[in-house]
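S.K.: Below is one structure. I have some questions about it.
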Ligand code: HDE
């Protein structure tokens, strides 16, 4: 498979990381089976016994080796972000950024920097569903010519907490409850909302988490964010603040919550499969890297603190400059060796970049190495092929479990004379990393800056920036999650927090929970001000300088293509081949993937006796796994389908989930058997198609054009307005 991709490779340079992995790859094609010691095996079916019915002999080194290795196959899963999928790719910068940073990979427009990117959910374990309502991890390892730079971000630009000290509490609260290990990969339970309702600083993140961003259509259709403010350093040693963004070229899109829950049953690997299949088919996912740059002098210019990870810098205040493009163009060869063993670390940076004092970032700097030590079993995890840089490693670190490198020479210390003084330190001008010399004059205190005390203004900004359907989804999500909470006092406390964000939001959620909006309890927060008077502490209520921000609503995202979208064609014997093939050709040439679905597998015979291959049956396929549905005509086919409960259900679900639906003149008969028959538009003009997402046309060319436009719009959320969509 990898070979096939080589020809479709979107880029033109050999990927240095793939070359670097090559010597470690094993290919058994045409080879003899051997033991781990290289001895050829002549019987892998029977262990060595004392007689064919006797006891197994301890001397059977083949059996011993095989079972022992098997017994040790598992390693601990990541404590968070256990469930993930990854791919290889490249990054290329558009133009030199030398004014801001000296990082080579952000200046050399000729170099394609290899990357390995792992997407993940946070709360669930390794085998959990991809469609959990959750934050998605978006971790990128750049194998630069100056060493590895890891941008370990999420698909949401803020975080729940301001201080790393609270991270274990947050994770304990969201993970399955400790007595019965329930629920898996879900935040809809008491301990999570108990914690959140006592942590007003999480208000902004909760708005993101309850929004549709938490149920992406695809990893390929998510934004990514570095979250923290980092520093760029140029070759004069000047610093500026920087926030990183990944902007997907396919736009930002989500599924409906009801759909997400169904996908979790029908195909819990939905995102993993989607990423894999897109790359295998040559539809390489792409993102532009964006930066928001703030000069050092402007550090205090905003009504929030740049060091506070619960805040964004609204794009209206500092625009995102798109500085380069990342293309994922190769699937891993081996999930465990690459995806599972990849070790990201927010502390892996290269010259030209540096940290800030964001207290969340500072804590992360400790955590990532520490966690790999237990997960990967020792200090040499940087030598695992996927983790090692594409540049050589020379230092005086030695030994430890599983050491691979064979260091020559007698000296493993510095200074030394026996080794000629090598390896030598590099001056900054020679590419040596020199930390930014930030001036600090402060007392050592356990305290939080007052500039971190506004928790609600940006939560409000987010809510106010959503379109009506997005607001409704957010209200439904909160009503669902809090509805699953059994402790009424926790629900009530959350309503109090919501009322500090938006009274209308709190009222709607309270209504769904059968509660009232009461005066909020004094929000408890463990961030103790410098003077230590806890009782004096109250989150401040600040109005944002902005009423709304366009970039926060998915309504304003890119909706211009059908590339890699999955379209279901519902057919039965007697289908009109012309209608199937005509519309299929148009969709496929637009980049979509078409699956023919019929009552049974293999093939159907069309009305002109031509065979049409069937990809899935109604048993193996489901509406929730597709982006749009087409019903071609053919008298017998439509007669079968309108009487086929699974076909009608397929369409009903597609309608419920606001997807584009199309039929030719005869296919319309099947739409008329659905519950939405009486909601079909009275005309199928271009305008109606674009607002209602239903296309019916006898002219296959026109039909295809309209269908393509409708699919590109993704969803017709307005359909939900009457709120009369049945289950
Ligand atoms: Fe992580 N995080 N995190 N995190 N995180 C881990 O490292 C941690 C935070 C993120 O695909 C762990 O290798 C602390 C923010 C991603 O392998 C661990 C704090 C953001 C991944 C850890 C945070 C992230 C991790 C678990 C609060 C977005 C998956 C396994 C101070 C900017 C990387 C591992 C992959 C993984 C610690 C908060 C992103 C335990 C202590 C904020 C994408 O080290």
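Think of each number as a place in line: the chain as shown, counted from 1.
Cβ atoms here come from the backbone N, Cα and C positions, even for glycine.
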S.K.: State the residue range annotated as region 'Disordered' by TrEMBL; the candidates are 1-37, 38-74.
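M.R.: Checked against TrEMBL: region 'Disordered' maps to 1-37.
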S.K.: According to TrEMBL, 78, 118, 364, 368, 375 bind heme; which one of 149, 160, 167, 433 is listed for that same site?
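M.R.: Only hit among 149, 160, 167, 433 in TrEMBL's heme site, alongside 78, 118, 364, 368, 375: 167.
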S.K.: With DSSP assignments reduced to helix, strand and coil, which class does residue 78 (heme binding site) get?
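M.R.: In three-state terms, residue 78 (heme binding site) counts as coil.
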S.K.: What residues in the same chain, six or more past the boundaries of the compositional bias 'Basic and acidic residues' (16-28), come closer than 8 Å to it by Cβ-Cβ distance?
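M.R.: Counting only partners 6 or more residues beyond its ends, the compositional bias 'Basic and acidic residues' (16-28) has Cβ contacts under 8 Å with 88, 114-116, 143, 330, 333, 337-338, 385-386, 388, 390.
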S.K.: Relative to the Cβ of residue 375 (heme binding site), which residues of the same chain, six or more apart in sequence, are found under 8 Å away?
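M.R.: Residue 375 (heme binding site) has long-range Cβ partners 75, 76, 77, 78, 343.
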S.K.: Express the distance between the Cα positions of residue 364 (heme binding site) and residue 81 (active site) as a whole number of Å.
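M.R.: Here the two Cα atoms are 14 Å apart.
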S.K.: How far is it from residue 118 (heme binding site) to residue 81 (active site), counting Cα to Cα, in Å?
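M.R.: On Cα coordinates alone, these residues lie 10 Å apart.
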S.K.: Spatially, which candidate from the recorded positions 81, 167, 368 is nearest to residue 154 (active site), comparing Cα atoms?
M.R.: 81
S.K.: Just jot down the residues in the same chain as residue 368 (heme binding site), at least 6 apart in sequence, with C-beta under 8 A of its C-beta; none if empty.
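M.R.: Listed in sequence order, they are 152, 343, 344, 345, 346, 347.
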